[in-house]
Protein chains: 2
Amino acid sequence: MTDALKPGATIGILGGGQLGRMLSVAASRLGFKTHIFDPGANPPAGQVADQVTTAGYEDSAALLAFANAVDVVTYEFENIPTAALDIIESHGPIRPSREALRISQDRLTEKTFLQSLDLHIAPFADITDAASLEAALAEIGTPAILKTRRFGYDGKGQARIMSPDQADEALNAMAGAPSVLEGFVNFSHEVSVIAARGITGEVACYDPGENVHRDGILHTTTVPARLSASQRMDAVLLAAKVLNALDYVGVLGVELFVTPQGLVVNEIAPRVHNSGHWTQNGCAVDQFEQHIRAVAGWPLGDGQRHSDVVMENLIGDDMDRLPELAKERDCALHLYGKAEAKPGRKMAHVNRITRPQK
Amino acid sequence: MTDALKPGATIGILGGGQLGRMLSVAASRLGFKTHIFDPGANPPAGQVADQVTTAGYEDSAALLAFANAVDVVTYEFENIPTAALDIIESHGPIRPSREALRISQDRLTEKTFLQSLDLHIAPFADITDAASLEAALAEIGTPAILKTRRFGYDGKGQARIMSPDQADEALNAMAGAPSVLEGFVNFSHEVSVIAARGITGEVACYDPGENVHRDGILHTTTVPARLSASQRMDAVLLAAKVLNALDYVGVLGVELFVTPQGLVVNEIAPRVHNSGHWTQNGCAVDQFEQHIRAVAGWPLGDGQRHSDVVMENLIGDDMDRLPELAKERDCALHLYGKAEAKPGRKMAHVNRITRPQK
């Protein structure tokens, strides 16, 4: 821990949503202060952070002041404007690195990167116009999914193509944005691996969780996932491959499709991940603390799980169930401090401890 | 939860030390904001709270503004001046109630109260001068301990009397403060029960922890404690008796001596307690969240333990061990954000998860 940040140091976090909030709380457990940078007023993370800067990512003066006030900068989301990162990086380290952001900000770049590591991914093609889409559909076949290269999350910016005659409609849905066509993967279920790499190159993985989505948004993550021992090993090895290739520092989420032919990488997220929230009640060191440990140059937790957990997201008016959930035994509540419960808005999650493990 | 505070409400906390800090973090998990009132600049809890008021307990205007800004007031320590409580209570509820504070602020009042509940306590006597001390020593015998009635903690304000000729020296050590003489209890070990009572009268207890002190300060708490099934039951019943007698709302710590004749109550603390820190890594709902649930009018967690835990306090330069502790498996770190590690100062604790339970 010679180069490690000492307790009392300040960790800057770009983005003050629920991930920034839970990173902030984890940082406090290690004696760090946090400083949140967010364009929106009263971000959820601001309620538990030492300092908050409310400014846009185009506000150079605010970015400079922020970068000067903190000892390291990390982030809770990947779509940070490049110019903002340039300003921050001229004043101190950004962890995980720019390279991880560059790759994960663009689906085409990400897929090309994953392919270069010999990982299994769905067939894909760069789509720039109707002609390239037609050619790609001929090659990849249907069903397929057209996705914008950038700024997609929670099922947004996607259009499913069940037959070639739906190509035009799908392309229109992209509104002229550069896109990528993905072949359909015939998977039995989806799992994700939350993996971390420390500043000295050590790697630690949590047990894979099994994800169920509803309306394109993560609904539950169940640990342990249905995986064979060899699949479990594959998941860890491929996550480590990604981390090492990026010389990564921090927590990374890897979404995987489970198929009869093996694991297929869906996407990676260079940050703490919704499917890793279960670690808060399943491990001594959760994904948020793991991320803070990594970016602060501390030793990582080993990912050891003390309990089986089922995480469930509370979206929009799921919050009406709060009085009942608060009465449930072995059910840990995690609310995000958001003022208004809009449809589709992640408001909270619960971690149900289902069985201790060792 | 009809009268319960809704997420988004603000919980006022008197005192911004480590207990206020961990209460604040727990409150955030339930979607509450916190507002810390503390006379000292930069209190540890301020780093994770939404608002901080830095003012003394004699500052009526600050107390009024604080009381008006929050939905309920709780506290992390018992020695709050009565005048300050009067001001706050004229503007909103204080939980736990004034009565719990009144009793626990004065050892003599507390002992009289515990005796009135037919609980076993050490023999004691009110000491006002040398004559009353001489009479009490004749009655109670030696060894005995002379303690100030008020403001004692972590072994401060105490003098041991091994033989009657040490009476004068002990009395001088009290510096004229009203005192109480306690007979010596021949106990094998000390345990404590962290118990909670909700706004509707429901009671929940955590499993008793076994405490080891060093230099008058708690060193470790181990769960489970060495207790027979009937002792375990006694501990829970007596804690419930205290809670019900006080019409208590919140978490209460009860320290108990284990003797061949049964459990003897040492003292009670009307707040979250150092010996309950293990619950952070042993239970879905820890003592801090339990306290917040109670004062917010929410249902209580049931106290179910998912893992065995050994809590160890890090005092003063114990912090030098941090690099090694950070590498330990299944060892959860909890730092308090204090700038300076003075001798005898509680800086942090670790919870070692030793074995899952169900």
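Cβ coordinates come from backbone N, Cα and C, glycine included.
Automatic, uncurated: that is what TrEMBL annotation is.
Because the structure is a prediction, the values reported are computed rather than measured.
Features reported for this protein in TrEMBL:
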type	residues	note
BINDING	A:Arg107, A:Lys147, A:152-158, A:182-185, A:Glu190, A:His213, A:266-267	ATP binding site
DOMAIN	A:111-296	domain 'ATP-grasp'
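Annotated features, which come from TrEMBL, shown on the structure.
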| residue | record | DSSP (3 states) |
| --- | --- | --- |
| A:Arg107 | ATP binding site | helix |
| A:Lys156 | ATP binding site | coil |
| A:Glu182 | ATP binding site | strand |
| A:Asn266 | ATP binding site | strand |
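Here A:Lys156 (ATP binding site) comes close to A:Gly216: these same-chain residues lie at least six apart in sequence, with C-beta atoms under 8 angstroms from its C-beta. Contacts of A:Asn266 (ATP binding site) defined by a Cβ separation under 8 A and a same-chain sequence distance of 6+ are given as A:Ile121, A:Ala122, A:Val185, A:Glu190, A:Glu255, A:Leu256, A:Phe257, in order along the sequence.
Just so you know, the Cβ of A:Val185 (ATP binding site) picks up 18 other Cβ atoms within 10 Å once every protein chain is counted.
In sequence order, A:Ala122, A:Pro123, A:Phe124, A:Ile140, A:Ala144, A:Ile145, A:Leu146, A:Lys147 are the residues near A:Glu182 (ATP binding site), counting only same-chain partners six or more apart with C-beta under 8 A.
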